[in-house]
Amino acid sequence: PYSHFRVGCSLLLTNGTVVQGANVENAAYPVGTCAERVTVATAVVQGAKKGDIRAIAVATDISPPASPCGMCRQFLREFCELEMPVLMYDKHGKSTVMTLEQLLPMSFGPEKLLSTEDIQHDVIAGQQRSIATSPRLRQQAAAAPAAEQAQHDVAPPTHYELFPQTFPDGAPPASPFSPDLRQLRKEFLQLQAKAHPDLMPANQKRHAEGLSSLINEAYRTLQDPLKRAQYLLLQHGIDVEDESSKLSGGELLMEVMEAREAVEEAENEEDLSLLKAENGERIAESVGVLDLAFASGEWEAAAREAIRLRYWKNIEESIQGWEKGKGGGAIHH
């Protein structure tokens with residue numbers, strides 16, 4: 001209805017079935033879909049797989065005929081063999097025939113990607129590297145009898161052991177408390193790409209789902225300084241999230257109360273911007289103290305600073321939830 005350019009497409013499956021489609025346009029032009037992709041997608045939804053499509057015909061009401069666009073050629077490449085013929089018909093019914101390989105030379109297809117076996121091998125190899133570089137897991141593996149090892153998995157790796165590229169030396173104090181966040185995200189995306197459940201055979205999907213969930217949890221924890229500190233301290237038996245880990249009296253408590261009141265009394269975005277900058281400095285200062293405390297293995301000092309950081313992060317949430325006339329967002333103690 002918008003381009004007034006009509007395109008029809010039919011494909012022939014190896015079982016003799018013919019699937020038809022047309023270009024489907026949209027008022028937001030880029031959202032429209034070409035006839036070739038509509039038709040192939042319909043066949044795929046009906047169960048067609050790579051190799052099931054024998055030939056494709058495209059018809060337009062112009063002369064000479066139009067060939068599939070570059071996007072459609074790549075789409076065909078995903079589900080069709082390179083030698084598959086593509087018939088292009090003009091408004092007079094005259095056709096031109098080319099193979100998909102002629103339309104898309106030096107193409108990039110699914111076989112260029114890692115196979116499921118390659119992906120499984122990489123995931124297993126990564127887990128083995130974690131065990132090899134982790135004193136705790138290496139000790140577990142050495143201590144378990146061979147028969148027991150054959151029947152039971154090694155205990156789940158720690159968050160740090162899941163990211164050996166970002167933390168080659170393991171958790172603090174062996175590694176800095178504040179990691180390279182860009183490297184952490186890069187490794188996270190690599191791990192998720194290899195462990196995605198959809199890439200695994202049916203008998204390993206549940207294992208892959210568990211591994212993917214563990215990777216997600218580890219990444220969310222390690223990218224946030226407060227969650228990272230709480231996790232590290234918990235590994236040493238210190239829980240700074242329980243009810244006893246709260247401020248009680250003193251100069252710091254007054255500072256926290258004044259910061260909360262300032263957010264509640266803010267009248268405009270300019271006031272809020274100043275409060276956000278001040279609180280950002282508090283958070284940065286706390287993270288600096290944690291860097292030093294974890295580097296020297298001073299767990300009690302790290303615990304005290306983690307409690308401080310928790311309050312500054314709460315102030316940050318309050319600032320983010322601020323609404324004119326309503327004050328700050330919810331405060332979590």
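Placed from the backbone N, Cα and C atoms, the Cβ positions cover glycine too.
Per TrEMBL, the listed range annotated as region 'Disordered' is 159-179 (candidates: 159-179, 201-221, 306-326). Apart from the site residues Cys34, Cys69, Cys72, the chain places the Cβ of Ala35, Glu36, Arg37, Pro68, Gly70, Met71, Arg73, Phe75 no farther than 8 Å from the centroid of the site's Cβ atoms, the recorded Zn(2+) location. Taken through DSSP, the domain 'J' (158-235) splits into 50 helix, 0 strand, 28 coil. Contacts of Ala27 (substrate binding site) defined by a Cβ separation under 8 A and a same-chain sequence distance of 6+ are given as Tyr2, in order along the sequence. Remark: of the recorded positions Glu25, Glu36, the most isolated position is Glu25 (fewest other Cβ atoms within 10 Å of its Cβ). Comparing Cβ neighbour counts within 10 Å across the binding-site residues Val24, Cys34, the minimum falls on Val24. By neighbour count, meaning other C-beta atoms within 10 Å, the densest spot among the binding-site residues Ala28, Cys69, Cys72 is Cys72.
When the CA atoms are compared, the recorded positions lying within 10 A of Asn23 (substrate binding site) are Cys34, Glu36, out of the candidates Cys34, Glu36, Cys69, Cys72.
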